[in-house]
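Listed in Swiss-Prot for this protein:
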| type | residues | note |
| --- | --- | --- |
| BINDING | 73, 74, 75, 76, 77, 78, 79, 80 | ATP binding site |
């Protein structure tokens, strides 16, 4: 009986090898492989969102590259601000970014205040939804762009709708456009390691008795193809005296294919400045016991950095290197990806480079 089982297994192995050889001959080497070999398994490369709390909520330290991301929420909730912060973070890593401004409403001076280098950002203001998605497809296929933002799905108007009369009924046209585009884009996005962020708006479904009446525009395709979906909401207003200086914001990770979903993050968005990263570093640094808080004073490594949250936040803003050092210690304590330091590399990358340099010099790396 054992001989029969062995023979059957041997026949199956031969049949499998023949099938694999036929597939590789027809479609090219590397078309199919075992999951544990080659480059099939690799660490997820991420880009920080500009918010430490949101990076932690995402579970991997930021938004994953080579994936489709959807960010949606009500009007003036911080959707474009969040994506501009991600562009600024990608530029810090030396990445090339493109912004498809279908809404024709990008405020370039505000983007500059958030740290975006306008000279290094590609921008397009397309006339139709088809044109916008063709531009995205061309940029992704080039392999030279690291991140593309589409603002917004709701503004991707099909050509037939633009050329038709006002009031024409064209049901499902935008949903079909998005479905076709995402079918074409997904595989190329993965191969070129390009992150594509779609900003989306909220609509209300009529006649919903149970559950949430809210839905996003553009049909269901984006919900399926997106690896990460973020629901961003404004929860309150930050005031200095009687003057409003920012918004309190809450983000829920509604879908996450790279880590457990449904985690939330809360942070402040200050008008004209963007996400208050230093405030988050203070709060999480204290929680992780990396910063000491005694009364109103904040201290790091026994040295006082400010009395009161506002003063300590201002100190970290003026000393960005120290802020990155503290943030990386918080990230390390939580086991998520570290930020690049002033030299452009995360600490573990610097260590690897140092090891390689020593190997080149000595011919061997000491254990």
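Cβ coordinates are placed from backbone N, Cα and C, and glycine is handled just like the others.
Note on the binding-site residues 76, 77, 80: the fewest other CB atoms within 10 A surround the CB of 76. Within 8 Å of the centroid of the Cβ atoms of 73, 74, 75, 76, 77, 78, 79, 80, where the record puts ATP, the same chain has further Cβ atoms from 232, 234.
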